[in-house]
Amino acid sequence: SRAWAPGKCLVTICCCCVHLLLILRLLPLDLLPPEVCSLLNPAAIYANNEISLRDVEVYGFDYDYTLAQYADALHPEIFTAARDILIEHYKYPEGIRKYDYDPSFAIRGLHYDIQKSLLMKIDAFHYVQLGTAYRGLQPVPDEEVIDLYGGTQHIPLYQMSGFYGKGPSIKQFMDIFSLPEMALLSCVVDHFLGHGLEFDQAHLYKDVTDAIRDVHVKGLMYQWIERDMEKYILRGDETFAVLSRLVAHGKQLFLITNSPFSFVDKGMRHMVGPDWRQLFDVVIVQADKPSFFTDRRKPFRKLDEKGSLHWDRITSLEKGKIYRQGNLYDFLRLTEWRGPRVLYFGDHLYSDLADLMLRHGWRTGAIIPELEREIRIINTEQYMHSLTWQQALTGLLERMQ
């Protein structure tokens with residue numbers, strides 16, 4: 001108690017101020033990690049685990065947003081088409097048509113509480129990140145969020161998303177196609193709340209999800225891309241260069257996609273050329289991921305050039321042929337491509353990558369286009385200044401403690 005007498009307290013505060021002023025002027029390097037001021041390359045490959053590509057013999061790829069990178073112009077088209085489907089087929093209010101797609105509204109990885117109509121960010125420890133919750137297009141105060149969850153930021157595991165983002169009451173949006181879905185969901189909720197209209201949260205969520213699904217099932221997205229591939233498909237020459245180089249070095253390639261063959265064929269012809277199938281040892285379309293990786297029941301079926309299904313039993317997967325559906329267990333049995341000598345690339349962290357790594361030991365690579373923008377922000381002077389301040393103040397607090 002004597003150490004905190006008024007005089008001693010004043011001396012302590014003055015010492016802190018002097019120390020802070022020194023940091024302001026000098027920003028000692030020993031308080032900052034060496035990587036703070038190093039520029040990151042937005043086009044680089046980042047590894048979370050050691051891997052020697054010399055040991056990788058087989059390379060696998062998803063198609064959409066992996067081999068085929070799409071322009072951001074596709075998202076407003078999906079949003080608008082699904083919005084119009086809600087109005088014309090699901091009889092939603094005409095006033096919803098006034099909403100347009102806002103590309104800056106949401107990012108991948110957000111969670112949506114269906115019963116509370118809350119779109120928010122939840123961290124790996126199941127805590128709601130305060131300041132991130134929105135109902136419709138309006139932010140929800142932190143106090144209200146905590147009150148909604150019984151006086152805590154924590155959401156129990158049983159309410160959270162399952163391994164594939166499909167929990168009983170909370171849905172996680174993980175793929176890039178979910179960006180227009182989140183935007184449309186929030187716009188529809190905003191309209192209902194803004195006009196005092198009563199609605200069932202579960203019905204609204206399902207209708208929006210079904211409308212987005214209809215855009216894909218009815219082939220609207222495929223039609224837009226096929227009509228103007230130059231507009232929608234990016235970096236096709238890079239895709240061709242990567243695949244050609246892998247084949248030239250004796251690697252085996254395979255493709256597993258949920259998209260139909262006619263769509264994949266036109267896109268690959270645009271990017272790679274008419275002989276694209278000769279680059280791949282196995283091509284599987286309409287695979288129905290993620291159940292392709294977990295369900296043993298669906299057998300492979302062969303497709304002919306016109307897309308017609310063959311009736312014969314599949315006993316081997318031949319190069320240059322096209323196969324539909326199937327399952328990973330038959331795939332592994334027929335190819336014997338197992339363990340870390342396989343590297344598979346996809347854009348969905350769960351349905352493309354997690355199971356393959358955890359259950360089958362494949363190496364996996366995540367295609368994350370958002371990283372380019374994030375890294376450019378990290379490289380800005382403003383970001384570095386803020387990070388330097390944070391590290392300096394953290395170092396100061398640790399020393400004083």
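Just so it is clear, glycine is given a Cβ too, placed from its N, Cα and C backbone atoms.
Just so you know, TrEMBL annotations never went through curation; they're auto-generated.
On a predicted model such as this, the values are computed, not experimentally measured, just so you know.
Residues annotated as Mg(2+) binding site in TrEMBL: Asp62, Asp347. Among the features that TrEMBL reports, active site, nucleophile is placed at Asp62. The GMP binding site annotation in TrEMBL covers Asp64. Taken from TrEMBL, the feature active site, proton donor applies to Asp64.
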Let's check the environment of Asp64 (GMP binding site): how many other CB atoms sit within 10 Å of its CB?
23
Looking only at C-alpha atoms, tell me how far Asp64 (GMP binding site) is from Asp347 (Mg(2+) binding site), rounded to the nearest Å.
8
Ordered by sequence, the long-range same-chain Cβ contacts of Asp62 (Mg(2+) binding site) under 8 Å (at least 6 apart) are Leu255, Ile256, Thr257, Lys289, Phe345, Gly346, Asp347, His348, Asp352, Ile367
